[in-house]
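Record features (TrEMBL):
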TRANSMEM  12-29  transmembrane segment
TRANSMEM  36-55  transmembrane segment
TRANSMEM  61-81  transmembrane segment
TRANSMEM  88-107  transmembrane segment
TRANSMEM  113-135  transmembrane segment
TRANSMEM  173-195  transmembrane segment
TRANSMEM  215-237  transmembrane segment
């Protein structure tokens, strides 16, 4: 039972971060709610595929690591999607992914050139760059009618307080599920304040099937591909630091 509860915590902690990337990108590219929901479906599906591949020693590290989307690519995706179109965005991501697959076996031999101070610095920089994104969504997200409403700050404070309290006061198993407790209590508090809307969930289908090329085909652009390739290298360094930690 303890393993099941820890698994749920791991899943929910990953899920919140994983769906945020397609939501941010889809919103910035003026996608409809249905299109954003589809992006989330594809995102979760591919995260599952990547996690299974990572857990296998032949295709991955053999470690029980749940893989999600990297926030490193959010800004380039939005910029390229807005200026060059979704087809160029798809094509550039596809080509850069192929390049990463090619260099991945050789990249593992370069780990010795990335001491903890380097990988730690990269992870720290990425975290600092994401702070404005976190603060924006804590206030309700750009464009929200009640942006910065005091209720949102109240929920934020309670979430942080719940997590901090259970981390500092409790021990053992309860301490290890402090994140899950914070998520549950925070959601209950938000619901009591009328901030939880499940209408779209009630009307959504039980299953979403990813369909290739649903939005558009591929268009290739050298500059955009190089941008995403650089982003992928940064992500590789970040992942290396996390896995070695």
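Each residue, glycine too, has its Cβ placed from N, Cα and C.
Not measured: the values here are computed from a predicted model.
Highlighted: of the candidate stretches 12-29, 61-81, 88-107, 113-135, 215-237, 12-29 has the greatest count of Cβ pairs under 8 Å to the transmembrane segment (173-195). Most Cβ pairs under 8 Å with the transmembrane segment (215-237) belong to 88-107, among the candidate stretches 12-29, 36-55, 88-107, 113-135.
Outside the transmembrane segment (36-55) by six or more residues, the chain places 14-15, 18-19, 21-23, 25-27, 61-69, 200, 204, 208-210, 214 with a CB less than 8 A from a CB of the stretch.
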